[in-house]
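Here is the structure we will look at.
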Amino acid sequence: MAQFAFESDLHSLLQLDAPIPNAPPARWQRKAKEAAGPAPSPMRAANRSHSAGRTPGRTPGKSSSKVQTTPSKPGGDRYIPHRSAAQMEVASFLLSKENQPENSQTPTKKEHQKAWALNLNGFDVEEAKILRLSGKPQNAPEGYQNRLKVLYSQKATPGSSRKTCRYIPSLPDRILDAPEIRNDYYLNLVDWSSGNVLAVALDNSVYLWSASSGDILQLLQMEQPGEYISSVAWIKEGNYLAVGTSSAEVQLWDVQQQKRLRNMTSHSARVGSLSWNSYILSSGSRSGHIHHHDVRVAEHHVATLSGHSQEVCGLRWAPDGRHLASGGNDNLVNVWPSAPGEGGWVPLQTFTQHQGAVKAVAWCPWQSNVLATGGGTSDRHIRIWNVCSGACLSAVDAHSQVCSILWSPHYKELISGHGFAQNQLVIWKYPTMAKVAELKGHTSRVLSLTMSPDGATVASAAADETLRLWRCFELDPARRREREKASAAKSSLIHQGIR
């Protein structure tokens, strides 16, 4: 009997389906116990009695199936500016400036300060915004670079404003013969008038080529043997042509009448450079002197500028007529005022960084205080200057002699003509001075460049006795229509003002 009881106990212990007395309750047991609810404790009863007076937030027993999401737009209860879009230094300057008394400044000084701010900061400080009503960073000005590039890269450029590479023909549009053109680096032998007439000096003669009709006319020929034409320059209106000669003369010709109006003699050596400023004609000589001629009066010689020790081969008046830039064989670049100061005719700036003769001199059409210069074989550099501060904004090694520089207002670019070894024309993007394109075709060094009145075509005269026309700045149809509309609106306003 005892053996049977032992076997029965052992069998019951070995059964796996029997309930375990000390095991935790199963899930269904816990759910059933929670549904039945525990006995109310004194603390819970007190809590229920305290909250019984509140109005229920929603219908009892109704579960909310709507999931609360973050609103897509801010509530708009307050404005918190983004620090990345706030120019804190400019804001501090503008706020502190309000408490300072205004100093009486001349218009010239104010304009100089505005030009400095534009070149150093990329924007005018007086027109800067302290805080912006948007968290997106503002677009940088075209071509402007600074160390905080990340602020400008956060905003994607709109598709409509993205620039695509334009097509630049690698071959000239037309090639003209230029026999007996003088292979002299220091002369300026071509110029394009506002009437679309190209003047070319070939040894002792001056020829006129009409780009509209294709007609060619010989304007003049030197009478004495051994004499030659050393420079030509059109007046802004395009009806008079100034001619410099190897015999130290400056002649003034009426192109319509094909008649010489006057012969001005004041230099002691050949006149290799000419530049107009309204009725003032400036001429640079091999002696290193620059003469101002008032073509309206009999006593034409009104001023002499002495700032070079060797030949003046580059001479350009600024578009606004306030400054005259001169480059010489003494490696100097001088910037002269339009009127003498207290000390007489003294250069405002003198740049000495070039290591070779400076013939290429060109003013920026849209920034009157920016000047581009290029050096000869010993220098081979293109430099951009701020003539107000005297700072060199940029310098690029062109790897060859720089013979001429022109600005393109359509595309904010420069084009330069070069000598040995490739004799090419190079287009540069301003102000980064990145190389855009190279135009090759000349077999000898480029001597001079000039631009058509519409700014689309560049003519290059070279020592290979050819004159090549490059349509490298032609506007696309959309931009051409915009410019035509703007010019038409401007002319209509002028007519209304005249009435």
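First residue shown is number 1, and so on along the chain.
Each residue, glycine too, has its Cβ placed from N, Cα and C.
Look at Swiss-Prot and you will find 61-72 tagged as compositional bias 'Polar residues'.
For Lys485 (among others), the entry in Swiss-Prot reads ubiquitin cross-link, with the evidence type experimental evidence.
What Swiss-Prot records for Lys490 (among others) is ubiquitin cross-link.
According to Swiss-Prot, the phosphoserine annotation covers Ser41 (among others), on the basis of experimental evidence.
Marked as phosphothreonine by Swiss-Prot: Thr70 (among others).
Sequence annotations record features per position, and here Swiss-Prot assigns phosphoserine to Ser72 (among others) based on experimental evidence.
DSSP gives Ser92 (phosphoserine) a helix state. Sequence annotations record features per position, and here Swiss-Prot assigns phosphoserine to Ser92 (among others) based on experimental evidence.
According to Swiss-Prot, the feature phosphothreonine maps to Thr106 (among others), an assignment based on experimental evidence.
Residues or ranges marked as phosphoserine by Swiss-Prot on the basis of experimental evidence: Ser153 (among others).
The phosphothreonine annotation in Swiss-Prot covers Thr157 (among others).
The phosphoserine annotation in Swiss-Prot covers Ser161 (among others), and the record cites experimental evidence as its basis.
Among the features that Swiss-Prot reports, region 'Disordered' is placed at 17-80.
DSSP assignment over the repeat 'WD 1' (182-221) gives 0 helix, 22 strand, 18 coil. Summarising the annotation, Swiss-Prot assigns repeat 'WD 1' to 182-221.
Among residues of the same chain six or more beyond the repeat 'WD 2' (224-263), those with a C-beta under 8 A of the stretch's C-beta atoms are 182, 187-195, 197, 199-206, 208, 217, 269-276, 278, 281, 283, 285, 293, 295, 300. Per Swiss-Prot, the feature repeat 'WD 2' maps to 224-263.
Residues or ranges marked as repeat 'WD 3' in Swiss-Prot: 266-303. Per-residue confidence over the repeat 'WD 3' (266-303) averages out at a pLDDT of 97.
For 307-346, the entry in Swiss-Prot reads repeat 'WD 4'.
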Revision key, fill the gap. The repeat 'WD 5' (353-395) resolves under DSSP into 0 helix, 23 strand, 20 coil
Exercise for review: Under 8 Å Cβ to Cβ from Ser92 (phosphoserine), same chain, six or more residues apart: give me those in sequence order, or none if nothing qualifies.
Suggested key: none
**Study point:** For the repeat 'WD 7' (441-480), residues assigned helix / strand / coil by DSSP
**Key:** 4 helix, 16 strand, 20 coil
